Amino acid sequence: AAFATEDDKIVGGYECKAYSQPHQVSLNSGYHFCGGSLVNENWVVSAAHCYQSRVEVRLGEHNIQVTEGSEQFISSSRVIRHPNYSSYNIDNDIMLIKLSKPATLNTYVQPVALPTSCAPAGTMCTVSGWGNTMSSTADKNKLQCLNIPILSYSDCNNSYPGMITNAMFCAGYLEGGKDSCQGDSGGPVVCNGELQGVVSWGYGCAEPGNPGVYAKVCIFNDWLTSTMATY
């Protein structure tokens with residue numbers, strides 16, 4: 001199966017209710033290449049493997065091919081990968097993007113809270129993105145959503161022996177058929193109103209025994225808050 005790291009697709013999901021994920025952003029460099037999450041008016045969290053030195057952040061989007069009047073396009077002023085990010089095993093796959101000017105918060109653009117604690121296995125979460133849906137009927141230009149449970153460390157480690165660090169968690173369905181995939185990378189996993197995950201990697205898309213792997217945001221709270229306070 002393909003090693004899906006470059007970008008990641010919602011498979012087996014549904015079109016999100018428009019603007020129901022107002023923290024969701026699209027990272028654009030002439031085209032949509034990754035997702036991200038607005039965490040306050042100045043900062044976006046994404047995946048380190050989505051790194052580009054300059055990026056346009058598109059907020060308030062639902063259909064990324066159509067101008068709907070709700071959008072804000074703001075360029076980055078700095079892009080900061082986690083200092084311990086490893087492209088070899090995709091460890092610490094998290095980064096911060098500072099906006100060149102504050103986002104205007106409104107119905108369409110709202111931050112998501114950073115986690116107050118790590119969500120336990122079994123917690124239901126929503127992952128969203130504009131990736132490839134692998135479906136002829138779903139419109140990938142419209143934001144896709146999927147509800148997935150956080151899996152236990154043992155289920156995660158059994159799926160990917162020796163590859164799961166304490167900076168990762170698995171979520172989804174071991175039987176396959178529903179997953180995040182190419183084009184969703186860097187995007188949000190939101191559980192009970194908190195950003196618990198960033199779409200990171202996996203084998204293939206929605207394949208049995210290969211759930212999605214996500215950066216574990218709760219262990220990065222100190223780095224996120226101190227970095228945002230510094231810059």
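Any Cβ shown, glycine's included, is placed from N, Cα and C.
Recorded disulfide link (Swiss-Prot): C16 to C145, out of the candidates C125, C145, C156. The disulfide entry in Swiss-Prot for C50 points, among C34, C118, to C34. For C191, the cysteine that Swiss-Prot lists as its disulphide partner among C125, C156 is C125. Closest in space to N63 (Ca(2+) binding site), of the recorded positions given as D93, C156, C191, is C191, taking the CA atom of each residue. The most crowded of the recorded positions listed here (V66, C118, C145, C205) is C205, judged by how many other CB atoms sit within 10 Å of its own CB. Measuring Cα to Cα from H49 (active site, charge relay system), the recorded positions that fall within 10 Å are D93, S185, out of D93, C156, S185. Neighbour counts of Cβ atoms within 10 Å were compared for the disulfide-bonded residues C16, C34, C125, and the top value is held by C34. Rounded to the nearest whole angstrom, the C-alpha distance between C170 (disulfide bond) and C145 (disulfide bond) is 17. Put plainly, the recorded positions N63, S185 were compared by Cβ crowding within 10 Å, and the winner is S185.
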